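Annotated in Swiss-Prot:
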TOPO_DOM  1-22  topological domain 'Virion surface'
CARBOHYD  20  N-linked glycosylation site
TRANSMEM  23-43  transmembrane segment
SITE      41  site 'Seems to be involved in pH gating'
TOPO_DOM  44-97  topological domain 'Intravirion'
LIPID     50  S-palmitoyl cysteine
REGION    59-88  region 'Disordered'
MOD_RES   64  phosphoserine
COMPBIAS  71-80  compositional bias 'Basic and acidic residues'
MOD_RES   82  phosphoserine
MOD_RES   93  phosphoserine
């Protein structure tokens, strides 16, 4: 029986499931995954501003420089800047007459 055709119906004044194979491990796993997905969706809707603000701004910071000497920090900054400058040379400048 397909999961899409299983319907809960009132049986003897209680809600029950007509399917006999509800103890099947695949059905149990699908139910657990569905419940977890629903919980994560609710949390996402409740805290989406905090979550996306963290990913937007929090991950833009570079690697931690705690405990690194200032000379090595400056060298790292120069390497990063030279990498950016090198990428600029890949663009073609087209001038219209």
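Placement of Cβ uses the backbone N, Cα and C atoms for every residue, glycine included.
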Integer Å distance between the CA atoms belonging to residue 50 (S-palmitoyl cysteine) and residue 82 (phosphoserine):
34
Could you measure between residue 41 (site 'Seems to be involved in pH gating') and residue 50 (S-palmitoyl cysteine) for me? Cα positions, answer in whole angstrom.
14
Please work out the number of neighbouring Cβ atoms within 10 Å of the Cβ of residue 41 (site 'Seems to be involved in pH gating'), leaving out its own Cβ.
10
Which whole number is the mean pLDDT over the topological domain 'Intravirion' (44-97)?
70
Would you mind pulling the DSSP three-state label for residue 82 (phosphoserine)?
helix
